[in-house]
C-alpha cells in the first residue's frame, strides 16, 4: 500500500517569475508533471500534491482524476508541508515523499527506495557531491548508521566537511509520520519545520535508516534558478538523444536536437541539426528531416522528406511526400502519399489527395484537393470573409494557374483548368477552362514619365 506525496508549494523566488516554479518546463512539460508521471510509474494508489504559492495555477495545470490537492497556506518548511497531508494518509501505507522541482528521478530508483521500508525501517535517498555547499549533510555514527540530517546553515564546521547530502526524497510508514510530525519544532536558523528532523526521532525510536543512492547525480538535482533549469534541460536532452540513437535514429549532431515531447521513430530515420520535436510525434521508416525544422503533434509516413526550415503542427503526412523548404503545415493538414508542398506554402485544414503538388508561394486553407492536382505559384484559397470560414473543393487532375485566387465557397471540377491570374468566384465544372481576369490592353506610343531636371 503506497501513498505518494509531492511537495509543490514553494514560490521559487530565484526564478524571478510570475509562474510558480514547479510549472517551469524541462523537455517541454512542467517540472511537476515529470514527477507526477514518475509517481504513476512507481504505482502509488494515492497521489497527493501539496500546493501553496500559485495553487490555482498548479491545480488548473495538473488536474487529473488520480491527483488529490492539499493546500499549504503558509510555507513554513518541508515538515510543515507534510503535516498538511497527515489527515489524508492511510495508516498502514508506506509514504513516498517527492519534490515538484526535482524532475528527473527514475522510477526504478524510487522503487528500490520503497522496497527498503519495513515496520522498523525507513529509507532515504542520498548522494555524494564534490561540493555539498548549501545542502543538508548525512551524519553517521562510527558504525556507519545514519543518525541525523543537519541543514547547511545549522551544521558545524566539521559537519560541513561531509560530502553525502540529503536529497529530501524518502519513504516511511505513515504511522511513523503521524507519531513524529506533531513533535517537530522550528528552533533553527530558518525558523522552519524541517522534515529531516524526523531522522533523529527515528533513531530514538529504534527505527533503522536504510539508504539508497541514484544512478546519476542529475536524478536528484532540483531547480532553483534559470541556470540550473538550463543545465538540467541539456542533460535531459542528452538522455533523449541517446535513447533515440540506441533505437536506430541518426542524429547528425545530438547536441543540437531538442525533444520536448515523445518521439516514436521507425528504421533509418535521419534528423539534421537544430530540429525541435514537441508533443506526440511519429516518424515512419526512412524519414529525413533537414535542418531547423519544428514538428509538433504530427505523424509523418515512410520515406517522406522534410526540407529545411519547415514548421509542421497537428498534421498527418503520408508516405513519399516532399515538404519544404520553408513550408508551414498548420493544424488539420492531411496529406496523402506522394504529395509535394514546396517553399513558402502554408496549409490549414487542408486535405490533399495522392500525388498533388502545391509547389510555391501559396495558401491552401479549409480546402479539399483531389489527386493529381497542380496548384500554381501564388495561388490562394480565399476562405475568410471577416466573420465566417468557407471551403474550397478542387477535383482530381485539376490545374490551377499561377497567381489565382479561389474565393470560397467554390468548387473546381475534376480535370478543370483555371487560367493564371484568375479570381474565381463561381464553380467551375469538370474539364472546363475558367479565365477571370481583366482584358490586356497594349498602348502604343506611350512614354514613361521622366523627372524634371
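Including glycine, each Cβ sits where the backbone N, Cα and C put it.
The active site, proton acceptor annotation in Swiss-Prot covers 360. DSSP classifies residue 360 (active site, proton acceptor) as strand under the three-state reduction.
Positions annotated as UDP-N-acetyl-alpha-D-glucosamine binding site by Swiss-Prot, on the basis of sequence analysis: 7-10, 21, 72, 77-78, 99-101, 136, 151, 166, 224, 330, 348, 363, 374. For residue 77 (UDP-N-acetyl-alpha-D-glucosamine binding site), the same-chain residues lying six or more positions away in sequence with a CB closer than 8 A to its CB are 186, 190, 192, 193, 194, 195.
Residues or ranges marked as Mg(2+) binding site by Swiss-Prot: 101, 224. In the three-state DSSP assignment, the secondary structure recorded for residue 101 (Mg(2+) binding site) is coil. Around residue 101 (Mg(2+) binding site), a 10 Å sphere centred on its CB holds 25 further CB atoms from the protein chains shown.
Summarising the environment of residue 377 (acetyl-CoA binding site), the number of other Cβ atoms within 10 Å of its Cβ, over all protein chains shown, is 19. DSSP assigns residue 377 (acetyl-CoA binding site) to coil in the three-state reduction, placing it in neither a helix nor a strand. Under the heading acetyl-CoA binding site, Swiss-Prot lists 377, 383, 384, 402, 420, 437.
Taken from Swiss-Prot, the feature region 'Pyrophosphorylase' covers 1-226.
When the region 'Linker' (227-247) is classified with DSSP, helix, strand and coil residues number 20 helix, 0 strand, 1 coil. Among the features that Swiss-Prot reports, region 'Linker' is placed at 227-247.
If you look up Swiss-Prot, you'll see 248-453 marked as region 'N-acetyltransferase', on the strength of sequence analysis.
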**Report entry** Residues of the parent chain within Cβ reach of the region 'Linker' (227-247), under 8 Å, 6 or more residues beyond its termini
**Finding:** 15, 24, 26-27, 103-104, 218, 221, 254-255, 257-259, 263, 265
Report task. Identify which of the binding-site residues 10, 100 has its Cβ surrounded by the largest number of other Cβ atoms within 10 Å, counting every protein chain shown. Result -> 100
Report task. Among 377, 383, 384, 402, 420, 437, the annotated acetyl-CoA contacts, find the widest CA pair distance and round it to a whole Å. Result -> 22
Query raised in the report: Among 224, 374, 383, 402, all listed as binding-site residues, which has the most CB atoms within 10 Å of its CB?
Result: 383
Query raised in the report: If we check Cα distances from residue 10 (UDP-N-acetyl-alpha-D-glucosamine binding site), which of the recorded positions 101, 360, 383 wins as closest?
Result: 101
Report task. Inside 10 Å of the Cβ of residue 437 (acetyl-CoA binding site), count up the other Cβ atoms and send me the figure. Result -> 13
